[in-house]
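Copied over from Swiss-Prot, here are the features:
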type: TRANSIT; residues: 1-53; note: transit peptide
type: BINDING; residues: THR132, HIS133, LYS134, ASP167, HIS243, LYS436; note: NAD(+) binding site
type: BINDING; residues: LYS138, LYS162, SER430; note: substrate binding site
type: BINDING; residues: HIS257, SER261, TYR310, ARG313; note: GTP binding site
type: BINDING; residues: SER442, ARG521; note: ADP binding site
Amino acid sequence: MYHLKSLARQGARRQQELATLAKALPTAVMQSSRGYATEHQIPDRLKDVPTAKDPRFFDMVEYFFHRGCQIAEESLVDDMKGKLTRDEKKQKVKGILMLMQPCDHIIEIAFPLRRDAGNYEMITGYRAQHSTHKTPTKGGIRFSLDVSRDEVKALSALMTFKCACVDVPFGGAKAGLKINPKEYSEHELEKITRRFTLELAKKGFIGPGVDVPAPDMGTGEREMSWIADTYAKTIGHLDINAHACVTGKPINQGGIHGRVSATGRGVFHGLENFINEANYMSQIGTTPGWGGKTFIVQGFGNVGLHTTRYLTRAGATCIGVIEHDGTLYNPEGIDPKLLEDYKNEHGTIVGYQNAKPYEGENLMFEKCDIFIPAAVEKVITSENANRIQAKIIAEAANGPTTPAADKILIDRNILVIPDLYINAGGVTVSFFEWLKNLNHVSYGRLTFKYERESNYHLLASVQQSIERIINDESVQESLERRFGRVGGRIPVTPSESFQKRISGASEKDIVHSGLDYTMERSARAIMKTAMKYNLGLDLRTAAYVNSIEKIFTTYRDAGLAF
């Protein structure tokens with residue numbers, strides 16, 4: 001909750017006001033935020049987060065939220081409509097911002113599992129719904145021994161701001177089961193997943209219009225298919241939209257083409273929007289474009305793999321891969337397809353012959369243009385941020401940078417592209433899959449034939465127009481003088497690129513186009529906000545400001561029921 005205080009502004013000069021308030025409220029964080037004054041106070045319980053070595057994950061998200069509020073609050077007050085005094089507007093804005101902070105619902109579930117060997121154990125899981133300002137809520141389910149109540153709350157909060165950042169109309173949620181999936185058989189994992197689904201359903205924590213899970217760490221299409229099947233055959237057996245209760249499903253279960261690679265492709269598009277901006281590249285001392293760029297990726301799972309593939313295709317060079325059981329380094333480049341094949345065959349990247357194990361202290365400190373943390377949270381801290389040599393950090397993982405490290409990186413002119421934007425490709429394409437399930441038809445099915453015939457009619461029309469013109473007598477004489485040819489047919493053939501698209505966009509084409517557009521539009525909005533508030537390279541605060549303004553508008557326009 002917020003610790004709100006009423007602050008009277010006395011005196012004629014603004015700088016004197018700020019100085020007085022700063023002395024009176026040393027922990028209130030009354031700051032100018034690069035020239036933009038605010039009264040918003042960061043709660044005392046978060047006062048150590050900006051310098052903490054290992055803050056709680058949820059505290060990190062809360063702190064970034066409050067930092068965004070410091071920038072946005074004054075503008076939100078100015079934009080308030082209605083016959084209210086300024087003090088009344090301030091109180092309303094503070095009230096709505098207060099409403100946006102806490103986690104709305106969180107459930108802890110424990111149930112027994114009878115293992116294949118006959119012994120029993122208890123399984124613990126969580127589901128958090130951070131914000132229901134938009135429904136359904138949306139967020140993945142992860143299977144990991146690191147799952148905790150704090151982590152699930154933090155990830156659900158991050159999902160709220162992530163969805164708002166890229167204009168996906170969902171609230172934020174997250175779930176986790178505290179298990180290591182590698183220690184269970186497929187039969188045991190199916191029993192765990194189906195039982196967890198039933199427990200969520202009984203408590204109203206899953207449903208097409210209520211709460212829609214998705215894959216996350218340790219889960220994939222298989223688990224999502226089990227969830228959809230369990231829900232459809234129990235609680236949702238009369239619901240025609242039952243399979244929209246979860247996304248990331250196999251294609252024949254209502255999944256969508258392009259979902260598996262969506263997060264990695266989103267990371268690529270997000271990077272592309274900033275790496276081609278000469279203004280940002282000049283600030284960090286590099287040139288625009290992919291040519292000659294090197295990168296290191298931490299984590300070679302689904303996100304890391306597809307990110308590496310798309311960046312390599314664009315012309316960048318992967319020189320290092322960090323995994324939990326080993327690292328690879330090759331300054332000449334690592335082929336992501338060959339490494340993927342090796343990992344699929346051996347279950348690890350260790351032993352891959354086309355790169356050497358890194359012999360230094362930590363590969364993430366190696367010189368490169370782009371560092372991509374795509375594994376777990378809090379890998380860049382105040383203790384190692386000064387050793388990062390990359391010029392760009394793309395947060396493909398959730399929460400990889402602590403607030404203290406974030407400040408160090410910005411002060412060092414390192415461009416941090418924040419998690420709530422850069423890894424939003426997954427939830428964006430999940431939104432497309434959810435819409436597909438509600439519409440009960442795949443994208444493009446109704447238009448494929450029409451688009452193909454329309455394109456051929458267009459080519460025929462161009463050909464007829466040209467032939468009609470050249471058959472004119474005056475044109476014939478001119479053509480005969482210049483080319484020695486009169487009349488005849490002039491075939492109009494499609495170019496190679498047009499020929500590939502002439503039959504109309506496939507579902508994957510539509511998904512890729514929609515994702516590209518979403519990431520581009522969101523990037524422009526972040527840049528615009530960063531410029532508006534003079535935030536420089538602080539893209540994280542700009543992204544949070546955008547999210548806060550959108551969520552605030554939803555609450556403001558909907559009103560409070562009670």
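Keep in mind that glycine also has a Cβ here, set from the backbone N, Cα and C atoms.
This view paints the features noted in Swiss-Prot onto the structure.
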residue: HIS133; record: NAD(+) binding site; contacts (Cβ under 8 Å, 6+ apart): MET100, THR160, GLY171, ILE551, THR554, TYR555, ALA558
residue: LYS134; record: NAD(+) binding site; contacts (Cβ under 8 Å, 6+ apart): CYS163, PRO169, PHE170, GLY171, THR554
residue: LYS162; record: substrate binding site; contacts (Cβ under 8 Å, 6+ apart): VAL168, GLY172, ASP419, LEU420, TYR421, ASN423, ALA424, VAL427, SER547
residue: ASP167; record: NAD(+) binding site; contacts (Cβ under 8 Å, 6+ apart): THR518, ARG521, SER522, LYS550
residue: HIS243; record: NAD(+) binding site; contacts (Cβ under 8 Å, 6+ apart): ALA228, ALA232, LYS249, GLN253, GLY254, ASN437
residue: HIS257; record: GTP binding site; contacts (Cβ under 8 Å, 6+ apart): ILE251, SER506, GLU507, LYS508, VAL511
residue: TYR310; record: GTP binding site; contacts (Cβ under 8 Å, 6+ apart): SER261, GLY264, ARG265, VAL267, PHE268
residue: LYS436; record: NAD(+) binding site; contacts (Cβ under 8 Å, 6+ apart): GLY254, ILE256, SER442, TYR443
LYS138 (substrate binding site): secondary structure state under DSSP, collapsed to three categories: strand
Provide, as an integer number of angstrom, the distance between the C-alpha atoms of ARG313 (GTP binding site) and SER430 (substrate binding site). 24
Since the record lists LYS138, ARG521 as binding-site residues, which of them has the fewest other Cβ atoms within 10 Å of its Cβ? ARG521
Given the binding-site residues THR132, SER261, SER430, SER442, and counting only Cβ atoms in the protein chains shown, which has the most within 10 Å of its Cβ? SER430
Alpha-carbon distance [THR132 (NAD(+) binding site); SER430 (substrate binding site)] in Å: 18
How many angstrom lie between the most widely spaced Cα atoms of the NAD(+) binders THR132, HIS133, LYS134, ASP167, HIS243, LYS436? 23
State the Cα to Cα distance, in Å, between THR132 (NAD(+) binding site) and LYS138 (substrate binding site), rounded to an integer. 10
Provide the three-state secondary structure of TYR310 (GTP binding site) computed with DSSP. helix
Can you tell me whether DSSP puts SER430 (substrate binding site) in helix, strand or coil? helix
